[in-house]
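K.L.:
This is the structure, below, for whatever I ask next.
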(Lines of atoms letter the chains of each structure in order from A and count residues from 1; the text may use other names and numbers.)
(Lines give C-alpha, C1' and ligand atoms only; values in the text may rest on other atoms or scores of the structure.)
Protein backbone atom coordinates (compact mmCIF):
# COMPACT_ATOMS: atom_id res chain seq x y z
CA UNK A 1 0.00 0.00 0.00
CA UNK A 2 2.81 2.38 0.94
CA UNK A 3 4.63 1.48 -2.27
CA UNK A 4 1.53 2.29 -4.33
CA UNK A 5 1.16 5.68 -2.61
CA UNK A 6 4.84 6.44 -3.20
CA UNK A 7 4.65 5.52 -6.88
CA UNK A 8 1.47 7.56 -7.30
CA UNK A 9 3.02 10.58 -5.60
CA UNK A 10 6.18 10.39 -7.71
CA UNK A 11 4.14 9.96 -10.90
CA UNK A 12 2.13 13.06 -9.97
CA UNK A 13 5.33 15.06 -9.43
CA UNK A 14 6.71 13.85 -12.76
CA UNK A 15 3.52 14.83 -14.56
CA UNK A 16 3.53 18.31 -12.98
CA UNK A 17 7.20 18.76 -13.84
CA UNK A 18 6.63 17.72 -17.46
CA UNK A 19 3.57 19.97 -17.73
CA UNK A 20 5.46 22.97 -16.36
CA UNK A 21 8.33 22.30 -18.77
CA UNK A 22 5.89 21.98 -21.68
CA UNK A 23 4.56 25.46 -20.92
CA UNK A 24 8.08 26.91 -20.85
CA UNK A 25 9.19 25.14 -24.03
CA UNK A 26 5.91 26.00 -25.74
CA UNK A 27 6.62 29.71 -25.33
CA UNK A 28 10.09 29.25 -26.82
CA UNK A 29 8.68 27.11 -29.63
CA UNK A 30 6.20 29.83 -30.56
CA UNK A 31 9.11 32.24 -31.03
CA UNK A 32 11.53 29.85 -32.75
CA UNK A 33 9.41 27.48 -34.84
CA UNK A 34 10.60 29.09 -38.07
CA UNK A 35 14.22 28.22 -37.31
CA UNK A 36 13.31 24.65 -36.38
CA UNK A 37 11.22 24.22 -39.53
CA UNK A 38 14.03 25.60 -41.68
CA UNK A 39 16.47 23.18 -40.07
CA UNK A 40 14.18 20.21 -40.65
CA UNK A 41 13.66 21.26 -44.27
CA UNK A 42 17.44 21.45 -44.58
CA UNK A 43 17.62 17.77 -43.60
CA UNK A 44 15.25 16.93 -46.44
CA UNK A 45 17.29 18.94 -48.95
CA UNK A 46 20.41 17.11 -47.84
CA UNK A 47 18.70 13.76 -48.38
CA UNK A 48 17.49 14.94 -51.78
CA UNK A 49 21.02 15.96 -52.81
CA UNK A 50 22.50 12.67 -51.57
CA UNK A 51 19.93 10.73 -53.57
CA UNK A 52 20.56 12.85 -56.65
CA UNK A 53 24.29 12.17 -56.71
CA UNK A 54 23.53 8.44 -56.79
CA UNK A 55 22.35 8.89 -60.39
CA UNK A 56 25.85 10.19 -61.22
CA UNK A 57 27.73 7.41 -59.43
CA UNK A 58 29.83 5.08 -61.56
CA UNK A 59 31.30 2.02 -59.83
CA UNK A 60 34.97 1.29 -60.27
CA UNK A 61 38.03 -0.13 -58.54
CA UNK A 62 38.29 0.75 -54.85
CA UNK A 63 40.78 3.56 -54.32
CA UNK A 64 44.00 3.05 -52.42
CA UNK A 65 43.30 3.89 -48.78
CA UNK A 66 45.58 3.86 -45.74
CA UNK A 67 42.73 2.92 -43.40
CA UNK A 68 41.88 -0.09 -45.53
CA UNK A 69 45.46 -1.33 -45.16
CA UNK A 70 45.58 -0.80 -41.41
CA UNK A 71 42.10 -1.97 -40.41
CA UNK A 72 40.84 -5.49 -41.16
CA UNK A 73 37.65 -5.62 -43.18
CA UNK A 74 34.60 -6.50 -41.10
CA UNK A 75 32.77 -7.95 -44.06
CA UNK A 76 29.18 -7.65 -45.18
CA UNK A 77 27.90 -9.97 -42.45
CA UNK A 78 29.30 -7.68 -39.70
CA UNK A 79 28.54 -4.34 -41.30
CA UNK A 80 25.71 -3.87 -38.80
CA UNK A 81 28.22 -3.22 -35.99
CA UNK A 82 28.94 0.37 -37.02
CA UNK A 83 25.26 1.08 -37.62
CA UNK A 84 24.39 -0.29 -34.18
CA UNK A 85 26.91 1.97 -32.46
CA UNK A 86 25.79 4.98 -34.50
CA UNK A 87 22.15 4.34 -33.60
CA UNK A 88 23.05 4.04 -29.91
CA UNK A 89 24.98 7.33 -29.91
CA UNK A 90 22.41 9.38 -31.79
CA UNK A 91 19.29 7.98 -30.10
CA UNK A 92 20.87 8.46 -26.67
CA UNK A 93 21.71 12.04 -27.57
CA UNK A 94 18.17 12.79 -28.77
CA UNK A 95 16.72 11.41 -25.54
CA UNK A 96 19.12 13.56 -23.52
CA UNK A 97 17.97 16.73 -25.28
CA UNK A 98 14.47 16.10 -23.90
CA UNK A 99 15.59 15.32 -20.34
CA UNK A 100 14.35 18.69 -18.96
CA UNK A 101 10.81 17.34 -19.29
CA UNK A 102 11.59 14.59 -16.77
CA UNK A 103 14.52 15.45 -14.52
CA UNK A 104 14.54 18.13 -11.86
CA UNK A 105 18.02 19.53 -12.57
CA UNK A 106 17.91 21.32 -15.92
CA UNK A 107 20.71 23.13 -17.68
CA UNK A 108 19.30 23.53 -21.18
CA UNK A 109 16.13 24.57 -22.98
CA UNK A 110 15.24 21.85 -25.48
CA UNK A 111 13.92 24.22 -28.16
CA UNK A 112 16.92 26.55 -28.02
CA UNK A 113 19.33 23.62 -28.06
CA UNK A 114 17.72 22.09 -31.15
CA UNK A 115 17.93 25.44 -32.94
CA UNK A 116 21.69 25.22 -32.46
CA UNK A 117 21.92 21.54 -33.37
CA UNK A 118 20.06 22.08 -36.64
CA UNK A 119 22.29 25.06 -37.43
CA UNK A 120 25.36 22.83 -37.01
CA UNK A 121 23.84 20.10 -39.18
CA UNK A 122 22.64 22.35 -41.99
CA UNK A 123 26.01 24.10 -42.41
CA UNK A 124 27.95 20.83 -42.28
CA UNK A 125 25.61 19.17 -44.75
CA UNK A 126 25.76 22.16 -47.12
CA UNK A 127 29.56 21.84 -47.22
CA UNK A 128 29.19 18.08 -47.70
CA UNK A 129 26.87 18.52 -50.69
CA UNK A 130 29.35 20.88 -52.35
CA UNK A 131 32.22 18.41 -51.95
CA UNK A 132 30.54 15.22 -53.14
CA UNK A 133 29.02 16.96 -56.15
CA UNK A 134 32.44 18.39 -57.05
CA UNK A 135 33.97 14.95 -57.59
CA UNK A 136 32.22 11.57 -57.63
CA UNK A 137 34.38 8.76 -56.30
CA UNK A 138 33.68 5.04 -56.76
CA UNK A 139 31.98 3.93 -53.55
CA UNK A 140 33.85 1.39 -51.38
CA UNK A 141 30.64 0.02 -49.84
CA UNK A 142 29.55 -3.43 -50.97
CA UNK A 143 26.34 -2.28 -52.64
CA UNK A 144 28.27 0.39 -54.58
CA UNK A 145 30.82 -1.92 -56.17
CA UNK A 146 30.82 -3.20 -59.74
CA UNK A 147 28.27 -5.95 -60.22
CA UNK A 148 25.87 -4.79 -57.52
CA UNK A 149 22.40 -3.94 -58.87
CA UNK A 150 22.23 -0.81 -56.72
CA UNK A 151 25.63 0.55 -57.80
CA UNK A 152 23.97 2.43 -60.68
CA UNK A 153 20.54 3.98 -60.71
CA UNK A 154 18.52 4.11 -63.92
CA UNK A 155 17.23 7.55 -64.90
CA UNK A 156 14.23 8.55 -62.76
CA UNK A 157 10.85 7.77 -64.24
CA UNK A 158 9.20 10.90 -62.91
CA UNK A 159 9.66 13.77 -60.47
CA UNK A 160 7.87 11.86 -57.71
CA UNK A 161 10.70 9.32 -57.61
CA UNK A 162 13.19 12.12 -57.02
CA UNK A 163 11.11 14.08 -54.51
CA UNK A 164 10.38 11.01 -52.39
CA UNK A 165 14.11 10.08 -52.43
CA UNK A 166 13.10 6.48 -53.13
CA UNK A 167 12.45 6.17 -49.39
CA UNK A 168 13.66 4.18 -47.52
CA UNK A 169 16.01 2.34 -49.91
CA UNK A 170 17.36 5.62 -51.22
CA UNK A 171 18.65 6.54 -47.77
CA UNK A 172 20.08 3.15 -46.87
CA UNK A 173 21.70 2.18 -50.18
CA UNK A 174 23.04 5.50 -51.42
CA UNK A 175 26.26 5.77 -53.43
CA UNK A 176 28.45 8.66 -54.44
CA UNK A 177 27.90 10.87 -51.38
CA UNK A 178 31.32 10.20 -49.87
CA UNK A 179 33.29 13.27 -48.88
CA UNK A 180 32.56 13.71 -46.11
CA UNK A 181 30.82 11.14 -43.88
CA UNK A 182 27.25 11.97 -42.89
CA UNK A 183 27.41 9.42 -40.06
CA UNK A 184 30.36 11.29 -38.60
CA UNK A 185 28.51 14.61 -38.89
CA UNK A 186 25.68 13.35 -36.69
CA UNK A 187 28.07 11.55 -34.33
CA UNK A 188 30.37 14.52 -33.82
CA UNK A 189 27.53 17.03 -33.50
CA UNK A 190 26.05 14.82 -30.76
CA UNK A 191 29.34 14.46 -28.89
CA UNK A 192 30.36 18.12 -29.22
CA UNK A 193 26.95 19.38 -28.13
CA UNK A 194 26.90 17.20 -25.05
CA UNK A 195 30.48 18.22 -24.27
CA UNK A 196 29.38 21.88 -24.28
CA UNK A 197 26.03 21.56 -22.54
CA UNK A 198 26.13 18.23 -20.69
CA UNK A 199 26.92 17.90 -16.99
CA UNK A 200 28.53 14.46 -16.51
CA UNK A 201 32.27 14.35 -17.12
CA UNK A 202 32.36 10.58 -17.58
CA UNK A 203 29.71 10.69 -20.33
CA UNK A 204 31.64 13.45 -22.09
CA UNK A 205 34.82 11.35 -22.10
CA UNK A 206 32.88 8.26 -23.14
CA UNK A 207 31.31 10.21 -26.00
CA UNK A 208 34.69 11.09 -27.49
CA UNK A 209 35.88 7.49 -27.15
CA UNK A 210 32.77 6.24 -28.92
CA UNK A 211 33.28 8.82 -31.68
CA UNK A 212 36.78 7.46 -32.31
CA UNK A 213 35.49 3.87 -32.29
CA UNK A 214 32.71 4.88 -34.68
CA UNK A 215 35.30 6.37 -37.04
CA UNK A 216 37.31 3.15 -37.10
CA UNK A 217 34.21 0.99 -37.59
CA UNK A 218 33.04 3.08 -40.56
CA UNK A 219 36.39 2.52 -42.28
CA UNK A 220 36.56 -1.16 -41.30
CA UNK A 221 33.04 -1.65 -42.68
CA UNK A 222 34.23 -0.05 -45.95
CA UNK A 223 31.33 2.37 -45.88
CA UNK A 224 33.64 5.34 -46.41
CA UNK A 225 37.22 6.07 -47.31
CA UNK A 226 39.50 7.32 -44.55
CA UNK A 227 39.50 10.80 -46.07
CA UNK A 228 35.72 11.00 -45.57
CA UNK A 229 36.15 10.45 -41.84
CA UNK A 230 39.21 12.69 -41.45
CA UNK A 231 37.57 15.62 -43.24
CA UNK A 232 34.46 15.20 -41.10
CA UNK A 233 36.49 15.49 -37.87
CA UNK A 234 37.97 18.89 -38.56
CA UNK A 235 35.09 20.29 -40.62
CA UNK A 236 32.39 19.61 -38.00
CA UNK A 237 34.54 21.02 -35.20
CA UNK A 238 35.28 24.16 -37.21
CA UNK A 239 31.61 24.63 -38.14
CA UNK A 240 30.52 24.32 -34.50
CA UNK A 241 33.23 26.79 -33.46
CA UNK A 242 32.06 29.25 -36.13
CA UNK A 243 28.37 28.93 -35.23
CA UNK A 244 29.05 29.37 -31.52
CA UNK A 245 30.98 32.55 -32.25
CA UNK A 246 28.10 33.98 -34.27
CA UNK A 247 25.18 32.94 -32.06
CA UNK A 248 24.56 34.49 -28.63
CA UNK A 249 25.33 32.47 -25.52
CA UNK A 250 22.55 30.07 -24.65
CA UNK A 251 20.92 30.67 -21.23
CA UNK A 252 22.18 28.33 -18.51
CA UNK A 253 19.29 27.19 -16.35
CA UNK A 254 21.55 25.76 -13.66
CA UNK A 255 22.69 29.30 -12.86
CA UNK A 256 19.15 30.07 -11.67
CA UNK A 257 18.20 29.89 -8.00
CA UNK A 258 15.81 27.12 -6.99
CA UNK A 259 13.19 28.77 -4.75
CA UNK A 260 9.60 27.63 -4.16
CA UNK A 261 6.75 30.08 -4.36
CA UNK A 262 5.06 31.10 -1.14
CA UNK A 263 1.30 31.38 -0.69
CA UNK A 264 1.60 35.14 -1.04
CA UNK A 265 3.38 34.68 -4.36
CA UNK A 266 0.64 32.41 -5.63
CA UNK A 267 -1.96 35.15 -5.02
CA UNK A 268 -0.25 37.27 -7.66
CA UNK A 269 0.06 34.37 -10.13
CA UNK A 270 -1.51 36.12 -13.11
CA UNK A 271 0.89 39.05 -12.91
CA UNK A 272 3.93 36.80 -12.63
CA UNK A 273 2.72 34.56 -15.42
CA UNK A 274 2.60 37.59 -17.71
CA UNK A 275 6.15 38.53 -16.64
CA UNK A 276 7.20 34.97 -17.36
CA UNK A 277 5.90 35.11 -20.92
CA UNK A 278 7.60 38.44 -21.56
CA UNK A 279 10.93 37.21 -20.22
CA UNK A 280 10.77 33.91 -22.13
CA UNK A 281 10.21 35.92 -25.30
CA UNK A 282 13.28 37.94 -24.40
CA UNK A 283 15.32 34.74 -24.08
CA UNK A 284 14.16 33.71 -27.52
CA UNK A 285 15.19 37.10 -28.94
CA UNK A 286 18.94 37.48 -28.20
CA UNK A 287 19.04 41.04 -29.57
CA UNK A 288 16.56 42.48 -27.08
CA UNK A 289 17.72 44.78 -24.29
CA UNK A 290 15.60 42.86 -21.82
CA UNK A 291 17.52 39.67 -22.59
CA UNK A 292 20.77 41.44 -21.73
CA UNK A 293 19.33 42.44 -18.35
CA UNK A 294 18.12 38.88 -17.71
CA UNK A 295 21.54 37.45 -18.37
CA UNK A 296 23.27 39.94 -16.05
CA UNK A 297 23.63 38.63 -12.47
CA UNK A 298 23.98 42.18 -11.14
CA UNK A 299 20.82 43.74 -12.52
CA UNK A 300 18.43 40.83 -12.24
CA UNK A 301 17.27 38.02 -10.00
CA UNK A 302 16.11 34.73 -11.47
CA UNK A 303 13.68 32.38 -9.79
CA UNK A 304 12.98 28.92 -11.05
CA UNK A 305 10.24 26.83 -9.53
CA UNK A 306 9.60 23.18 -10.13
CA UNK A 307 6.59 20.89 -9.84
CA UNK A 308 3.12 22.32 -10.35
CA UNK A 309 4.30 25.83 -11.29
CA UNK A 310 6.01 27.14 -14.40
CA UNK A 311 9.24 29.12 -14.77
CA UNK A 312 9.09 32.68 -13.38
CA UNK A 313 11.69 35.28 -14.12
CA UNK A 314 11.26 38.71 -12.55
CA UNK A 315 13.51 41.77 -12.68
CA UNK A 316 14.68 43.19 -9.42
CA UNK A 317 15.21 46.66 -10.74
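Any Cβ shown, glycine's included, is placed from N, Cα and C.
Because TrEMBL annotations are produced automatically, they should be read as predictions rather than curated entries.
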K.L.:
If TrEMBL is the reference, give me the range from 19-41, 42-64, 111-133 marked as transmembrane segment.
P.N.:
111-133
K.L.:
Per TrEMBL, which of 178-195, 196-213, 214-231 is transmembrane segment?
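P.N.:
Here TrEMBL associates transmembrane segment with the stretch 178-195.
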K.L.:
Considering every residue in the domain 'Sphingomyelin synthase-like' (174-242), what is the mean pLDDT value?
P.N.:
95
K.L.:
List the helix, strand and coil residue totals of the domain 'Sphingomyelin synthase-like' (174-242) as derived from DSSP.
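P.N.:
Tallied per class, the domain 'Sphingomyelin synthase-like' (174-242) gives 53 helix, 0 strand, 16 coil.
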